[in-house]
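> Quick one: this structure, given as structure tokens, is what I'll be asking you about.
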Amino acid sequence: MLRSAFTAFFRSFIRHPLYALLNLLGLSFGIAVFITLSLFYRFETSYENWSPERPHIYEMGTRYHFPGMTEDVFMSAMGGLTEEIKTAYPQIESTRDWSNPVIVHKGAEVYNEQIELVDGNFLTFFGVPMLYGDAATALADPSKVVLSVSMARKYFGTVNAVGRIMTLNDEEGLKTYTVSAIIADLPKNTDTKLDMLRLLTPQRTAMEPYTWHNWGSGQLEAYFRFKTPADASAFARQLPAFTDRQIGQKFGTDVTPHKILELVLVPWADKHLIDPKLKAAIISLGVVGIVALVLALINYVNLATARAGLRAREVAVRKTLGAPPATLRLQFLVEALLTMLLAFLVALSLVELSLPLINSAGGLFLKLDYQTDITWLLSVLGIVLAAGLLAALYPAFALAAFKPAQVLASSRTPGGGRMAGFLRVGLAMVQFAAVAVAFVLIMGFMLQIQHIQNADIGFQRDNLMIVQSIRDNAVSQAQRESFIAAARTLPGVSHAAIANAIPGDQSTSNSSNIVRPGQVDSPTLSPTVNWSIVGEDYFQLLGAKVLVGRVFDAQRGEDQKWADDGAGDKSRVYSVVISRRAAKDMGFASPQAALNQPARFNDHQVRIIGVVEDMRFYNPNQPIPPKLYLFDVHASYAVVGMVRYQGLSEPKMREQLRKLWRQIAPDVPFDVTSAADNLDTYYKPERDRTHLFTIGAGIAALIGCIGLYGMAAFNTGRRVREIGVRKVLGASAGQVVGLLLVQFLLPVALASLIAWPLGWLALQRWLMQFDDAIAMPLWIFPVASVVALLIALVTVAGVAFGAARTEPGKALRHE
Amino acid sequence: MTNLIELQNITRLYRSDEVETTALHNISLHIKRGEFVAIMGPSGCGKSTLLNILGTIDRPTAGAYLFDGADLAKMSEKNLAKHRARHLGFIFQSFNLVDDLTIYENIELGLLYRGGIKGGRRQAIEGAMDKVGIAHRARHFPHQLSGGQQQRAAIARAIVGQPDLILADEPTGNLDTENGAQVMEILKSLNKAGATIIMVTHSQSHADQASRQVDILDGQLVASVAQVL
């Protein structure tokens, strides 16, 4: 019996290549999209899987409840938090990871790297995979450094670099360290960067007197380990009371501290997708994968039921020969399973071939590893086969239910009755509705992406270089100032300035309350502004629009901010510039109304000397924060340099700056980025996901076309005799084509109408995540429908013309 | 000889939305083992319906159908399928070979649902092919054969399981005179060897070669005449 099923399966491939190809390709494309997006989904949801301790580890995050601040959880903790927790709860296990910049000396060369300052238990806490050295003792001594395989190769040309000496220059100065262990390179799906680690020492801690135990600051990542989730929940429940005890009245007498600063214990496994928008985006792509598979299966059902009609005679013959319906159903299910299996193999090859392209289009690192992924692959195969079997049930039952006497008596191919006809049209409509929704979304996404990339973001993002090296601790104030002064004289440079408000860089972010006279001074009620220190020429360099008043002037002494050491004159009034949004948050009716108004800010009297337009420095998904600028004519704070240039290429500008840097600070590695590249880190993920979506939706559209073509071919095949009769009665080829096209395209046109509300809802939801979203572009709906119709038209036109050209005599003999 | 088939007052009605058609009315007919019965009558008289009921691929609306003493009218679909596999062989006007299978595989279909066969499957198939002279075409597909060859293959498929009854629905209807004559010769030799055959035909000359002719008109049995051959 099975052999007969195999034979029938194999023969139908050989004898009906078009049907087999349509069926196989449709299924394979659908399964390939499903596999790829499953890989993507798995990649995104299995972050930190490298650690065997993943289920037990939690990270402390902070949520700030200030007016004007987002309610997002910031995944950083105060440096001394774990110390305070250890005192109150000695049984709680914790560790810390503080990323610091470091300069590595290798002979005469210097390199910028990132070093993790960690607690001594870090390696055992996470179960970090060790290649050489002992996890328990590798970090016991402050003179030791642990390297990843890549770092060992980079600096020593070998993996086993244990015992080798490394010269590092970081906040604790230029020192030598001995390599004590080598750890494996972590996989790509991790937010934990472990390239170089050393012990977090009391000396280093002592260098942060203002922030280490300053509740509200966030420097590092603090991790906790619990045996069970119940233990973690029990600890989390104690955090509000703990926060209140530790902060006491530091935030004011009338506030409950945990209502302003909420400690949030986040399961480490959930950290990567803690942003609900990102999570929603990942889930949507997962949904696209499922939709593609469903479309492919719909295709299969459509083609299989259509073909069932053509196989009716075979079924009738088998039945007269005594085949019980159950055996026939089994035969068709076996054929379906074989088809799915073959399609799965083709899909795997398609995935292998397309992964490099998908990875580059989506900015991904997906790969299929048949050794480690075998269980996963088998479960995906299981899902595909189970879904395929479910889809094959209908055609199998429909086929086995044919009445042999009727089939054998009729010369016409049975179509499976009115029910099957409706089903086919219904399924084709579902497919094309999905295709039209996909078109609506693709167009909507592209318009939005284009909008945020070209939108007026309040400053000129092109031809702007950001010199990161200026903030290196090894650079002196004199070096900073002379670099900026010299940069201004370089050919092509129009402005150079220093500031700690940098496009695309949120590493130095400060927020404080600002209080106008007569307003309540309270952390929970007073407006909060995000503040930055900027140098001379800053606003001119950015091309910021001054709405009212003026910007800072180095010649005016009152513009200079107070000294950081607390020695500033508290009776003086300092100049500040604010943004439009800050003026609004502070309660001014207009920017004009804010001009020259006094306020209290960080314990000092300030006066608003000007209001500038909002500038979008960060994520386009997030609102532009209210901004306050202080002026520092000296480059005394942790700032970066910015250089505006014209009339020469970016590489040439980089080269000029590099040469200049070499002259002024040869011991510090030169690090420069462009503002456009910096900003692109916010735009790229969205763009990448849109690319992925477009590929997935495009293939779904292709599957829809394959299905429509199959249906057209089948229906036309069934109507050959009718076409012959019509032609005998005098119908022209054009009339026949018109008749067939209307039959095929009507469901597609109706599907478009279903697609409009669905597409509108989906696009609306997606656009809601952007702070600066386009208005719903209504024209894309008819365009999506017209495109879907055109594709359908091209797909079925060939079949319709072919049928219309058939000679009537031949058509009438057709059986 | 014993009765292989007893039809008692068989009636078959077809109902569509508004119309009720009587295809067969009160047909009673006995057929003995080893008989070769030709059913004749004009188009639409109910011949094929009668043959379908005899072949159990259609059920009578009323009446009893006894096959070798067993009442088939009350049998389940599953058991009817078994009955067809064990006891019946079908030959159609339009051959109804499965396009995707070779001649050998098409004949094998006749055994596929039957269970075991005396002397082994391969011998049975080869024996059937030899009987109809189609062995040299075993590896061909139906579309590569002439009409006469296809019908001979279909006959081989009908007889390979050594059925008690062969049902032939206008077996020569799609064939030219020469091929038609060949097919009739095969049927006669099968009958001589003991097979019971019921054949629907339009051709009086072919009907004359049967041992009995049954005439049907408007769904009713009008004559049943034994013929001297």
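Using the three backbone atoms N, Cα and C, a Cβ is placed for every residue, glycine included.
Below are the features I grabbed from TrEMBL:
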DOMAIN    A:21-240  domain 'MacB-like periplasmic core'
TRANSMEM  A:21-41  transmembrane segment
TRANSMEM  A:280-303  transmembrane segment
DOMAIN    A:287-400  domain 'ABC3 transporter permease C-terminal'
TRANSMEM  A:332-354  transmembrane segment
TRANSMEM  A:374-402  transmembrane segment
TRANSMEM  A:422-447  transmembrane segment
DOMAIN    A:434-616  domain 'MacB-like periplasmic core'
TRANSMEM  A:692-715  transmembrane segment
DOMAIN    A:697-808  domain 'ABC3 transporter permease C-terminal'
TRANSMEM  A:736-758  transmembrane segment
TRANSMEM  A:778-804  transmembrane segment
> So how many of the residues in the domain 'ABC3 transporter permease C-terminal' (A:697-808) end up helix, strand or coil by DSSP?
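Summed over the domain 'ABC3 transporter permease C-terminal' (A:697-808), the classes give 94 helix, 0 strand, 18 coil.
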> Between the transmembrane segment (A:422-447) and the stretches A:21-41, A:332-354, A:374-402, A:736-758, A:778-804, work out which stretch tops the count of Cβ pairs under 8 Å.
A:736-758
> Are there residues at least six beyond either end of the transmembrane segment (A:21-41) with Cβ under 8 Å to its Cβ atoms? List them, or say none.
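Same-chain residues near the transmembrane segment (A:21-41) but 6 or more away: 282, 285-286, 288-290, 292-297, 299-300, 303-304, 339-340, 342-344, 346-348, 350-351, 354-355, 358, 362, 364, 366, 368, 380, 384, 388, 692, 696, 699-700, 702-703, 706-707, 709-710.
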> Six or more residues beyond either end and a Cβ under 8 Å away: which residues meet both conditions relative to the transmembrane segment (A:374-402)?
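Apart from its flanks, the transmembrane segment (A:374-402) reaches 27, 31, 34-35, 38, 42, 293-294, 297-298, 300-301, 304-305, 308, 311-312, 315-316, 319, 325-326, 328-329, 332-333, 336-337, 339-341, 344, 368, 414, 416, 420, 423.
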> What are the DSSP helix/strand/coil residue counts across the domain 'ABC3 transporter permease C-terminal' (A:287-400)?
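Helix (H, G, I), strand (E, B), coil: 98 helix, 0 strand, 16 coil.
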> Averaging the per-residue pLDDT over the domain 'ABC3 transporter permease C-terminal' (A:697-808), what integer do you get?
80
